[in-house]
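Visitor: Copied straight from TrEMBL:
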TRANSMEM  6-27  transmembrane segment
DOMAIN    9-136  domain 'EamA'
TRANSMEM  39-60  transmembrane segment
TRANSMEM  66-86  transmembrane segment
TRANSMEM  98-117  transmembrane segment
TRANSMEM  123-140  transmembrane segment
TRANSMEM  160-179  transmembrane segment
DOMAIN    160-294  domain 'EamA'
TRANSMEM  185-205  transmembrane segment
TRANSMEM  226-248  transmembrane segment
TRANSMEM  278-295  transmembrane segment
Amino acid sequence: MDLSAFAQIWILFALASAFFHASRLAVTKRLSPSFSARALTFYVNLASLAVTLPLILWYHDFPLHQPAYVLAVLCGGVLSGFGGWALNAALHRSEVSLVGPLMTLTPGLAIAIEWLLTGALPAPLGWLGVGLLILGGYTLGIDERGIRWHRPLRTPGRRLALLAAACFAAASVFGRIGIQLSDPLSFAVMVAMVNPLVLLVVFGLQDRRFYAELTGATALRELRPLLLLGVLFALMRIADQIALSLALASYVMAVKRSAGIFSVLLGRWLFAEPYPRTRLLGASIMLLGVLVLTLG
């Protein structure tokens, strides 16, 4: 599946991934009273697998005979699963408004990891664009009602949040390697198969009571929104993998942080959330970063 003809519009796929990510967060907010954070994370990945798996009937390319591909699949699946656990653990120790800004550091970590693994570095304009997106994302996550700029760096869950950011950054780099050895759609299916297994093991080892949280009655009652969540997550993942096949992981992760802009808009539309000045400032900086990356 050759997508090189779309190389110049990678940013559209990255923005689509950001939009689907923000949309799934809005649906997650609707479902969060019915499930624990761990159960919802697992169900999201399971629903995404149910949506993604039929795609292999249309096209698939799984070069499992290549050790590098198998390593990319396993590392990508384990790292993204472990990152999900670390993020949940950080959210249990700190407020969302304090953990969120730290997650915007993911693109910076992706630059370092991608350079170590592949030797690739952003172009000069790329550095500027990524920097603006990180700054804008951090600003977007700061609530002006008494939260100081340095406070997220001192939150009790900061180490876990930074660990989650590093895991997601590394997973995106391994994802790009795996995609180059196969194709975006096939790799998305492979990751969708690995993630639920990883989460089942990680959450089970973390707390044996996790298995009791997977109550079938609640899942059946919320089946439709869960399937919608799975569709949004699958679309996000596919758009993500296509963008990774066309651009550096650091670029894609940086643009994906613009999900914060969509979150502000959806939050206002669906939940009547206010527009603090810091959010508008952060969104403006991020839009400038997207423009710089587009020109670069």
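Each residue's number is its place along the chain shown, starting with 1.
Including glycine, each Cβ sits where the backbone N, Cα and C put it.
Each of these features: where is it, how hidden is it, and who are its neighbours?
Guide: A mean pLDDT of 80 is what the model gives for the domain 'EamA' (9-136).
Residues 1, 24, 28, 31-32, 84, 88, 183, 185-186, 188-189, 192-193, 195-196, 199-200, 203, 210, 213-215, 219, 226-227, 229-231, 233-234, 237-238 of the same chain lie 6 or more positions beyond the ends of the transmembrane segment (39-60) yet place their CB under 8 Å from a CB of it.
Packing against the transmembrane segment (66-86) from elsewhere in the chain are residues 41, 160-161, 163-168, 170-171, 174-175, 177-178, 181-182, 187, 190-191, 194-195, 197-199, 202-203, 206: each is 6 or more residues past its ends and has a CB under 8 Å from a CB in it.
Within the same chain, residues 68-69, 71-73, 75-76, 79-80, 82-84, 86-87, 89-90, 93-94, 99, 102-103, 105-107, 109-110, 113-114, 117-118, 152, 187, 190-191, 240-241, 244-245, 248-249, 252-253 sit at least 6 positions outside the transmembrane segment (160-179) and bring their C-beta atoms closer than 8 Å to a C-beta of that stretch.
Counting only same-chain residues 6+ beyond the ends of the transmembrane segment (185-205), those with a CB under 8 A from a CB of the stretch are 1, 38, 41-42, 45-46, 48-49, 52-53, 55-56, 59-62, 73-74, 76-78, 80-82, 84-85, 175, 178-179, 211, 234, 237-238, 240-241.
Beyond the transmembrane segment (226-248), the same-chain residues lying 6 or more positions past its ends with a Cβ under 8 Å from any Cβ of the stretch are 3-4, 6-7, 10-11, 13-14, 16-17, 20-21, 23-24, 27-28, 31, 43-52, 114, 120, 122, 126, 172, 175-176, 179-180, 183-185, 187-188, 191-192, 219, 255-256.
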Visitor: Tally of helix, strand and coil residues over the domain 'EamA' (160-294) according to DSSP?
Guide: 118 helix, 0 strand, 17 coil
